[in-house]
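Colleague: My structure is below; once you've seen it, I'll send some questions.
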Amino acid sequence: MSSPAEFYNSLPPISKTYGTLCLLTTTLCQLGILHPIHIALIFEYLFPNFQIWRLFTNFFFLGKFSINFGIRLLMIARYGVQLEKGPFERRTADFLWMMIFGALSMLLLSAIPLLRSPFLGISLVFMLLYVWSREFPNAKINIYGLVSLKAFYLPWAMLALDVIFGSPLIPDLLGIIAGHLYYFLTVLHPLATGRNLLKTPRWVQKLVARWRIGVPTNPSYFRPGVAAPVTQGGASAFSGRGRRLTD
């Protein structure tokens, strides 16, 4: 059995960095060193007061220490890591671009008054969950030992549980919308038309190469019809997509 340090070091770079920043931010808030209101996405403070950092920092707060916080952090460690090690293996730039695109989509959506949310970290985690559920739709998931279902339905089951337990609905919905938009533009539309409308920008690839983050995107990458199996609860799960066009 590996030690916690060995497990942490084995995590892929983007998921590890994001999870670490979320844990660090929550710890600082819990200790009273940082107040959540200073990092929240409050549009009235953005441009008049030049508090541009709020566009970034709001994604790193998942709530104070609680069961819900632990669940969100585990979702990053499980679904984010499995995405980065599975469908996005050797495609670090693509995975980073997915996170950036999701964050930008959520920022635009949250500008709508009805969809406004001060913290979009939970939304970004839900986006990871949604994309994972589309990559491994037939994986068997057991929720709290009570309900067994296919991964395809997991985002909606988690959303329903949040409603039952009184958590806000909007952050979950924003993540699902952003996740579906990304999956449509990078998988469903290319499969139907042969055209990818959401290529990973060159600057993201250069950033990954410049800082040697994971493995840069291979421009000639072509994904075969079936992805490698990932074990979930004793069953093998296979990707639902046929291919991904990166150029």
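For all residues, glycine too, the Cβ spot is worked out from N, Cα and C.
Pulled the feature table from TrEMBL, pasting it below:
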type	residues	note
TRANSMEM	21-43	transmembrane segment
TRANSMEM	55-74	transmembrane segment
TRANSMEM	95-112	transmembrane segment
TRANSMEM	118-134	transmembrane segment
TRANSMEM	141-161	transmembrane segment
TRANSMEM	173-192	transmembrane segment
Colleague: Is it the case that the transmembrane segment (95-112) and the transmembrane segment (141-161) touch, counting contact as three or more CB pairs under 8 Å in which the residues of each pair are 6 or more positions apart?
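Modeller: Counting Cβ pairs under 8 Å (6 or more apart in sequence), the transmembrane segment (95-112) does not reach the transmembrane segment (141-161), since there are fewer than 3.
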Colleague: Counting CB pairs under 8 Å, which listed stretch among 21-43, 55-74, 141-161, 173-192 touches the transmembrane segment (118-134) the most?
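Modeller: Stretch with maximum Cβ contacts: 173-192.
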Colleague: Same chain only, please: residues at least 6 beyond the ends of the transmembrane segment (55-74) with a C-beta under 8 Å from a C-beta of the stretch. Say none if there are none.
Modeller: 18-19, 21-26, 29-30, 36, 39-41, 46, 103, 107, 118-122, 124-125, 165, 167
